[in-house]
Amino acid sequence: MSLTSFLASKCFEYLLKEETSTVQQKTMPLYPPWSVAGKDFRALCDGCGNCAAACGNRIIVIGKDSFPAVDFTQGSCTFCGDCARSCPTGALQFEAEKAPWHLRVRIAETCLLRSQMLCLTCVEQCETGAIRLPQIEGQLPQITAEHCNGCGYCCRPCPVGAISLVTINDGE
Ligand code: SF4
Ligand code: SF4
Ligand code: SF4
């Protein structure tokens, strides 16, 4: 390998590492809907577990760190608000008029469409039309973020578990 190629490959490795690290820093845990912003949640939540017990869909689990988190592999959110109303500390604050969260759908490269296999599962599951088949064969499904309400209904049915939802740190 020439010196130029060696330096170019090292530069690429560095940039890739930086990008990955930025994404990791911005990815926040998926706290229950209507959770207060940023670090305030961890300051207010005492890990009582009321929210997990209140969720009829059983998608809230108490993690090893004693904080609740949403697990969309268990089901989806109906936005009933029972979890938030059960919170005694104000870590979750239900407001019917307020968006429960701001999540983004991510689809991994393991998506069957990437292997030229036809799969319509997520497209058919999404009631808001936020997921569409790609225009070009072999590409990932297209997400229209403005139409996604973060219900998670598309996650569990995916036959290869390629769909996840993440909340992005908005700088808090
Ligand atoms: S809003 Fe309802 S369905 Fe969604 S996590 Fe809370 S209790 Fe569960
Ligand atoms: S009900 Fe509130 S204080 Fe209790 S675990 Fe859930 S978020 Fe934390
Ligand atoms: S989370 Fe809900 S609204 Fe968003 S893409 Fe999946 S099914 Fe559609």
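Even glycines carry a Cβ here, placed using N, Cα and C.
Listed features, source TrEMBL:
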{"type": "DOMAIN", "residues": "34-65", "note": "domain '4Fe-4S ferredoxin-type'"}
{"type": "DOMAIN", "residues": "68-97", "note": "domain '4Fe-4S ferredoxin-type'"}
{"type": "DOMAIN", "residues": "139-168", "note": "domain '4Fe-4S ferredoxin-type'"}
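Here the domain '4Fe-4S ferredoxin-type' (139-168) has, by DSSP, the following mix of helix, strand and coil residues: 3 helix, 8 strand, 19 coil. Mapped onto DSSP classes, the domain '4Fe-4S ferredoxin-type' (34-65) shows 11 helix, 4 strand, 17 coil.
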